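Engineer: In case it's useful when we look at the structure, here is the feature table from Swiss-Prot:
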type	residues	note
ACT_SITE	Lys175	active site, proton acceptor
ACT_SITE	His294	active site, proton acceptor
BINDING	Asn123, Thr173, Lys177, Arg295, His327, Ser379	substrate binding site
BINDING	Lys201, Asp203, Glu204	Mg(2+) binding site
MOD_RES	Pro3	N-acetylproline
MOD_RES	Lys14	N6,N6,N6-trimethyllysine
MOD_RES	Lys201	N6-carboxylysine
SITE	Lys334	site 'Transition state stabilizer'
Amino acid sequence: MSPQTETKASVGFKAGVKDYKLTYYTPDYETKDTDILAAFRVTPQPGVPPEEAGAAVAAESSTGTWTTVWTDGLTSLDRYKGRCYHIEPVAGEESQFIAYVAYPLDLFEEGSVTNMFTSIVGNVFGFKALRALRLEDLRIPPAYSKTFQGPPHGIQVERDKLNKYGRPLLGCTIKPKLGLSAKNYGRAVYECLRGGLDFTKDDENVNSQPFMRWRDRFLFCAEAIYKAQAETGEIKGHYLNATAGTCEEMIKRAVFARELGVPIVMHDYLTGGFTANTSLAHYCRDNGLLLHIHRAMHAVIDRQKNHGMHFRVLAKALRMSGGDHIHAGTVVGKLEGEREITLGFVDLLRDDYIEKDRSRGIYFTQDWVSLPGVLPVASGGIHVWHMPALTEIFGDDSVLQFGGGTLGHPWGNAPGAVANRVALEACVQARNEGRDLAREGNEIIRAAAKWSPELAAACEVWKEIKFEFPAMDTL
């Protein structure tokens, strides 16, 4: 060891354990425009001060470990460490705090959601000094977001590809989700598309099982798409699920979809992983494919109020990793989604610039600069009576996806699709005429049903169906 190295390693080094807050709690720190900012909901163990808990989160998700190490002297901790710069109590909750942490940009690999999450939501979530920990929000600085391609195409390019403007897009998940043969599956797709839907969808569970191998499904669905397009004169699509056990197999399926000339493929981005998702998004941009994203497994991560990660963070991560659509709850259907919170992350998906708004759970102002937007998909337990509310809540730049609400029609798939298309067109026309969809929605649907027997039959079947449970996702 050289004398110079000897001196650097020994000066200022004192072995042992010291409180995290001595190094990582810095309430006087002024955040930089290039910092990644995080808001954590922290529940410390009894006897652990909130400042120590917040500092521990900053340390364990950046440069710190449980004891002082001599190699700290070989780098500049001030340059690289995370800093807990503010702590506030959570209103109405005992022993819960919001800890704000700033991370210098040099901690993260460019263009890698995988690397960002490995640090920020890594081992720190198993830290013993905390009873629970939840990441509520992230501020992604433009200096970092510009290192990502983002969505393969974005909202405007998708509308131009489909030649569809001025209304939400309509979709349907084919049911039963498992067990159909490829030929019967393709027939169900055709019936829905010819009835007036823009898209049909593979269920997230459908990959390449013994009852229906992926290549057979792709071929029969492509046949259904082209047949429905010829009959209706509209561009149609089916979300062909390319999710697979390996990245290589996933790309092989996307290549086959491109060779068939279909417009869109699909990926389960959480079970598939961010590395696979980003690879697929790059392929889709290079080859003109739209990319639909399903969020299977999200509730394992985001449903508990005091531990895990809020979906708004997963939504931001998806916009960076890449996807043209993502499921975002419905507010009115069978799946979780409180209105103001849902609209908060819908704006984070679609808009270029979103102001901080704690009433909607948005902890930081987010500037996406030129990153394309993502269409939110409302799906899960919705039917024609929900159409006015969905049109009013989500607006034009959305996909409204009715699975059982199409296939459960008493007359079959095509009449179910007709009912949904008629209901949507009636709601859009009423809105454009200045009518109040929230107050007059049922009246608008009843009026349209008078000249659409398909809609009238759907209204009768689902007039009593409600999913009324208290939302778990509250502020």
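Note: Cβ is positioned from N, Cα and C throughout, glycine not excepted.
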Engineer: Largest pairwise Cα distance, Å, within the listed substrate binders Asn123, Thr173, Lys177, Arg295, His327, Ser379?
Structural biologist: 37
Engineer: Starting from the Cβ centroid of Lys201, Asp203, Glu204, which together make up the recorded Mg(2+) site, report each further residue of the same chain whose Cβ lies within 8 Å of that point, ordered by sequence.
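Structural biologist: Here the non-site neighbours turn out to be Thr173, Ile174, Lys177, Asp202, Asn205, Val206, Tyr239, Asn241, Met266, His294.
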Engineer: Out of Asp203, Glu204, which has the highest number of nearby Cβ atoms, where nearby means within 10 Å of its Cβ, if these are the binding-site residues?
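Structural biologist: The residue with the densest Cβ neighbourhood is Glu204.
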Engineer: For His327 (substrate binding site), just give me the three-state DSSP call.
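Structural biologist: In three-state terms, His327 (substrate binding site) counts as strand.
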Engineer: Check the Cα distances from His327 (substrate binding site) to each of the recorded positions Lys14, Lys175, Lys201, Glu204, His294 and keep only the ones within 10 Å.
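Structural biologist: So the list is His294.
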Engineer: List the Cα distance (Å, whole number) between Lys14 (N6,N6,N6-trimethyllysine) and Asn123 (substrate binding site).
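Structural biologist: Checking the Cα atoms of Lys14 (N6,N6,N6-trimethyllysine) and Asn123 (substrate binding site) gives a distance of 26 Å.
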Engineer: Using a 10 Å radius around each Cβ and all protein chains in view, which of these recorded positions has the most neighbours: Lys14, Lys175, Lys177, Lys201, His327?
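Structural biologist: The largest 10 Å Cβ neighbour count belongs to Lys201.
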Engineer: How long is the line from the C-alpha of Asn123 (substrate binding site) to the C-alpha of His294 (active site, proton acceptor), rounded to the nearest angstrom?
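Structural biologist: So the alpha carbons of Asn123 (substrate binding site) and His294 (active site, proton acceptor) sit roughly 26 Å from each other.
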Engineer: Can you grab the distance from Thr173 (substrate binding site) over to Asp203 (Mg(2+) binding site)? Cα atoms, rounded to a whole Å.
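Structural biologist: Cα of Thr173 (substrate binding site) to Cα of Asp203 (Mg(2+) binding site) measures 6 Å after rounding.
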Engineer: Counting other Cβ atoms within 10 Å, pick out the least crowded of the recorded positions His294, Arg295.
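Structural biologist: Sparsest of the recorded positions His294, Arg295 by Cβ contacts within 10 Å: Arg295.
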Engineer: To the nearest Å, how far is the Cα of Lys177 (substrate binding site) from the Cα of Lys201 (Mg(2+) binding site)?
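Structural biologist: About 10 Å separates the two Cα atoms.
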Engineer: Helix, strand or coil by DSSP: which one applies to His294 (active site, proton acceptor)?
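Structural biologist: Where His294 (active site, proton acceptor) sits, the three-state DSSP reduction gives strand.
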